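Visitor: I have a structure I would like to understand better, so I am pasting it below and will then ask my questions one at a time.
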Amino acid sequence: MADSDDKDQFVATVSEDHETTCWGCGLRLILPSYAPIFKCGWCGAVTNQNDKKRENKWFWWKRLRDRCFVCVLLGFMLLVIGGGLWAVLPILFANGLFAGVLHSFIAAVLSLSTLSTFVLASFGCAGTPPIIDWGSYPAVGKGHLENYTFCHDCSKPKSPRSHHCRSCGICILDMDHHCPFIGNCVGAANHRHFILFLISAVTSMLYVAFMSVYVGSLIWPPLTYKHPLGSLSGVNSDLAWRTLREIFLALLNSALLLSSRGLVLMYLFFASISVQIGLSVLLWQQLSYIYEGKTYLSHLRTAPDEVVEKDCKNILRFFGCPYSVSRFLPSVSDSQKRHKK
């Protein structure tokens with residue numbers, strides 16, 4: 001019997017385990033020493049042992065720089081609005097009272113909408129993550145911190161939909177990006193204001209370009225040609241080139257005789273066109289991400305083979321309409337049923 005007992009004995013090597021604490025619920029866990037990342041089976045919190053707090057020495061300088069740039073940009077917008085009204089309204093009121101009042105109303109609406117949405121997007125809260133209990137087993141329920149990670153910079157849980165912004169120094173819920181032009185992050189709380197600002201700004205720039213051309217044509221000095229256009233001759237391509245050249249030279253000569261209002265209108269036209277192109281590209285990019293149901297950061301983290309539901313309903317939900325537009329329209333089938341009754 002002694003020999004048989006000796007034969008049944010085996011020697012096995014056991015890997016070295018270590019004991020650690022879950023940051024989410026405080027339970028003691030036994031994990032292999034080679035596991036740098038682990039997920040708590042009770043609360044679902046994810047712990048990265050290699051994650052450390054990053055030093056951000058220039059945080060306050062970045063914050064002050066962004067705020068100063070926003071104030072300068074806001075002052076520039078007020079200067080452009082004031083200069084545009086000074087250059088346009090006297091000419092419009094001189095041509096007719098109705099035209100002056102109408103365009104004054106349109107300019108006031110566009111200016112107020114652009115400035116208000118800009119201020120709300122710049123100085124409003126971008127979106128704070130939800131406050132949730134953590135660190136104590138009795139307070140944290142099972143699965144309450146599912147896929148939450150710990151932000152060492154904020155010293156609190158960070159939800160899967162949150163991202164820590166180094167420029168703002170806080171975690172932002174549904175963060176899209178940090179925009180230096182508004183000096184703030186674009187997140188869950190101000191993303192709608194940011195999109196409305198882009199729409200209002202693009203519409204305003206289009207209106208400014210149109211009014212600059214219209215009012216400029218009223219006060220532009222008469223064109224003087226060195227060679228009358230009717231006396232030009234040549235082949236079709238050569239004639240077209242000569243005609244364009246004469247018109248361009250006449251415009252340059254007459255531009256030297258422009259008043260201060262005309263120069264302001266020229267500046268407003270070229271500035272509005274350039275700004276409109278940039279804002280239109282940004283607006284199109286933002287709407288395409290909303291159409292996909294994503295943000296800019298989630299678009300970067302999306303796997304290439306991941307299936308995304310693209311639908312216009314995402315845009316409607318973003319602007320606060322949970323239902324489709326077709327819900328409020330009468331359908332053909334309903335009208336036929338009512339007619340049969």
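Note that Cβ sites are derived from N, Cα and C of the backbone, with glycine treated the same way.
Note that the structure is predicted; figures quoted are calculated from it, not measured.
According to TrEMBL:
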- 147-298: domain 'Palmitoyltransferase DHHC' (DOMAIN)
- 68-93: transmembrane segment (TRANSMEM)
- 105-126: transmembrane segment (TRANSMEM)
- 194-219: transmembrane segment (TRANSMEM)
- 265-284: transmembrane segment (TRANSMEM)
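For the listed features, I'd like the structural context: burial, neighbours, distances.
Guide: Panel annotation: around the transmembrane segment (68-93), residues 99-100, 103-104, 107, 111, 114-115, 118-119, 122-123, 180-184, 208, 211-212, 215, 218-219, 261, 264-265, 268, 271 of the same chain, lying at least six beyond its termini, place a Cβ under 8 Å from a Cβ of the stretch.
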Visitor: Taking residues 6+ outside the transmembrane segment (105-126), which of them lie with a CB under 8 Å of any CB in it?
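Guide: Contacts with the transmembrane segment (105-126): 70, 74, 77-78, 81, 84-85, 88, 168, 172, 175, 182-190, 193-194, 196-197, 200-201, 203-204, 207.
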